[in-house]
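Before any comments, here is the structure.
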Number of protein chains: 2
Amino acid sequence: MEANAPIRIGVAGLGTVGTSLVRMVARHGNDLAVRSGRPIVISGVCARDRGKDRDIDVSGMEWFDDPVALARDPGNDIFVELIGGSEGPARASVEAALSTGKHVVTANKALLAEHGNELARLAEGADASLNFEAAAAGGIPIIKTLREALAGNTVSRIYGILNGTSNYILSRMEQDHIGFEECLAEAQRLGYAEADPSFDIGGQDAAHKLALLTSIAFGTEVDGEAIYVEGISSITSADIEAADELGYRIKLLGVACRTDSGIEQRVHPTMVPRSSAIARIDGVTNAVAIEADFVGQLVLSGPGAGGDATASSVMSDIADIARGDRVGTFGRPASDLEPYRRAGMRTHEGGYYVRLSVYDRPGAFAAISQRMADRGISLESIVQRRRAPRAAPGHERPVEPAPVIMITYETTEAEIRAALETIKTDGHIAGEPQMIRIEQFT
Amino acid sequence: MEANAPIRIGVAGLGTVGTSLVRMVARHGNDLAVRSGRPIVISGVCARDRGKDRDIDVSGMEWFDDPVALARDPGNDIFVELIGGSEGPARASVEAALSTGKHVVTANKALLAEHGNELARLAEGADASLNFEAAAAGGIPIIKTLREALAGNTVSRIYGILNGTSNYILSRMEQDHIGFEECLAEAQRLGYAEADPSFDIGGQDAAHKLALLTSIAFGTEVDGEAIYVEGISSITSADIEAADELGYRIKLLGVACRTDSGIEQRVHPTMVPRSSAIARIDGVTNAVAIEADFVGQLVLSGPGAGGDATASSVMSDIADIARGDRVGTFGRPASDLEPYRRAGMRTHEGGYYVRLSVYDRPGAFAAISQRMADRGISLESIVQRRRAPRAAPGHERPVEPAPVIMITYETTEAEIRAALETIKTDGHIAGEPQMIRIEQFT
């Protein structure tokens, strides 16, 4: 390619991100040419409904009804996949583009979490770039930071708020003392949550993103299945208030860290110290923190979603290709990625927050404490939030459950689960125990 | 160069950053080769005192006493300048390296703030890279973010905490209610401040860094002189307490923003809303926030200094060159940088915090208010912190100054300065008025 020949882009998918990208090239075309050393031109586009009014000017761009045809078309040098979904036309078109040796830029986390290893090998074999800055944390340049800026570091832990919907709900629950259901309904009204919110609040969306970050951070193959996932729907106002009293906030975190038995990957509601940087990320904002041997700790925060912010990351990937910068999909050649060795959750070590509804009977609390002690679990603090009213003199005290909150010192997932199982069987508590993991930061 | 030929580094300066870099290559050599596609080898080093014990292994590296000789030596492909200073051996060796077409990586903010335009042209003419990630914010990948990740954005404002020493002092003053002098002495004991701290606390260090960020963010030539600079030594505990009462924190910020009359660059103590991300950066940590049209707001925080963190950024630059990634020094060809058009401080618009020691006499406050009104300045809030004790009945009230704090609505620097000048002349206040600019965030 000549230095000043335009680089031609084919864009498949004209939703919020695709239309933002078209607007960006129209608005900043001159500046993009100066920065990249060559003009960036959208030569072809593809979407399901050609007649839809998108308020963008696509004249001068060739229209395709079939994304695979656009992916194979020699009229573009980079195929931008903004269709979504891990199978179907998204997968087919990305594979078609890479097979013809064409560079691919995608915002598709599900596709990469599920098929990232094969696609990375396909890209490498065809000597093409496969870039996906927009897939991990919207507008935050976390992929570039991990793949390039931290080249001289070994990462020990990466964690983040990777789902804006969940963070919005938890922030609102805390700030305005309202319940989960009400917050979710509000998030849906404001467009922060889908009509079917399960993918966001169930943690799957964050898990897909975490899988990509883990691969680059630790140099391992992507394994989108090997993630422990727990969503936020069990979090109650009682948990949020108790966390506040104890100096914590509750965040849906994705965490990946190196342990003796492999790499732990988990997404779950997490108690984080109120003074930590990650605790202070509110609303739909995302944030990723990286701990590495030379740099220490870096935190990047910004918009995790939205058409414009996501288009910003898509363009970062395009500009890199236009400039001739070639980085391995996951930061190194696909053949150099180590097999992912999963550390199971049973060996996870940490402190735990436990909330129980304890029947207020003599000996109940002693029995519970003993069950914890039997498993070698020490308690850092215990809060009995409020007792049921005492019965009149001469009558038996009412057997109403009262909330008891415990914070444990460090133990393992296996021990705490075993202890809670026995406590349940003993019959001193009502309902299910609530258990939230505590993440410590240095 | 063959794909797998090693890239050879010459390192001039073996202080904390240089020794960290040597250790990094020793520890992570294999991984660096995998990530960069070729081995990274330190082939030559240079420092003033060869005999000094640095606890690093430099066997196998050629020793140079003269950095210019190392810069010219054909035995290395990249010259890493870690000497410091805007003139002398640092400048001479960087010029020598670029003149021979050799890539340069430097952590030297003063050199680039003062000679960045010439050096960028020299690099471009020689088809060499001039990279300086470590010069702006230690381990934070802000140069890469601005030069590459935000390619599709127009930046409207960039601001940050760019000096860890000053931030440490302000944080300590606030948290522990101790005075400036005591905090400075402590920072010196802990090694966070130099024996001569004037460059840090006077704002010059932050100004150099800001000049580099401004150039990339706005596509303009570097002008390290065109920055309004005010340090933190005038900040008192009274200011910090008043800020807290009013919902603000005081930070030494570097701010660059586009205005109608040009680009404003300033470093000064700043009142920032307590709820803003930047307000929550404590201690020696640095942070940079970017506001841009597509991405919205990004905030990057991390270590702004320290040998290991700075070496992390130096290696990021080296790995980019090893991989073949070539970016213009300030994000675009030197000939495409626009002349820097300075917006003078007189036209700066914003709110102001003003603290006066007012003699408690009838009419004093009315006169002061009138002077503000004469300049069209409206007051958002007024706090009279404590009055001098009233005199006994029948006696005149004591004429002791009492602190009065005002927050203005938006006005200009010219108006507030003129108002305060007149107020001083009127004789109702003791000493100098304190004035701190307020920065608003959306």
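Glycine residues also receive a Cβ, built from the backbone N, Cα and C atoms like all the rest.
Just so you know, TrEMBL annotations never went through curation; they're auto-generated.
There are 25 other Cβ atoms within 10 Å of the Cβ belonging to B:G13 (NADP(+) binding site). The DSSP secondary structure for B:G13 (NADP(+) binding site) is coil. If you look up TrEMBL, you'll see B:A12, B:G13, B:L14, B:G15, B:T16, B:V17, B:G18, B:T19 marked as NADP(+) binding site.
What TrEMBL lists as NADPH binding site is B:K109. Annotation note: B:K109 (NADPH binding site) sits in a helical segment as assigned by DSSP. If you draw a 10 Å sphere around the CB of B:K109 (NADPH binding site), it holds 27 other CB atoms from the protein chains shown.
Feature annotation from TrEMBL assigns L-homoserine binding site to B:E194. Take the CB of B:E194 (L-homoserine binding site) and look out to 10 A: across all protein chains shown you find 14 other CB atoms.
Annotated active site, proton donor per TrEMBL: B:K209, in sequence order. For B:K209 (active site, proton donor), the same-chain residues that are 6 or more apart in sequence and have a Cβ closer than 8 Å to its Cβ are B:K109, B:A113, B:A135, B:A136, B:A137, B:L162, B:N163, B:G254.
Note on the domain 'ACT' (B:353-434): DSSP counts are 25 helix, 29 strand, 28 coil. Feature annotation from TrEMBL assigns domain 'ACT' to B:353-434.
Spacing of B:G18 (NADP(+) binding site) relative to B:E194 (L-homoserine binding site) is 19 Å (Cα to Cα, whole number). Ranking the binding-site residues B:A12, B:L14, B:V17 by how many other Cβ atoms lie within 10 angstroms of each Cβ puts B:L14 at the bottom. Report note: the NADP(+) site is defined by B:A12, B:G13, B:L14, B:G15, B:T16, B:V17, B:G18, B:T19, and the residues of the same chain whose CB lies within 8 Å of the CB centroid of those residues, excluding them, are B:V11, B:S20, B:L21, B:A47, B:L82, B:G307. Of the listed binding-site residues, namely B:T16, B:T19, the sparsest Cβ surroundings within 10 Å are found at B:T16. Fewest other C-beta atoms within 10 Å: among the binding-site residues B:G15, B:G18, that description fits B:G15. Cα of B:A12 (NADP(+) binding site) to Cα of B:E194 (L-homoserine binding site): a distance of 22 Å.
A distance of 14 Å separates the Cα atom of B:E194 (L-homoserine binding site) from that of B:T16 (NADP(+) binding site).
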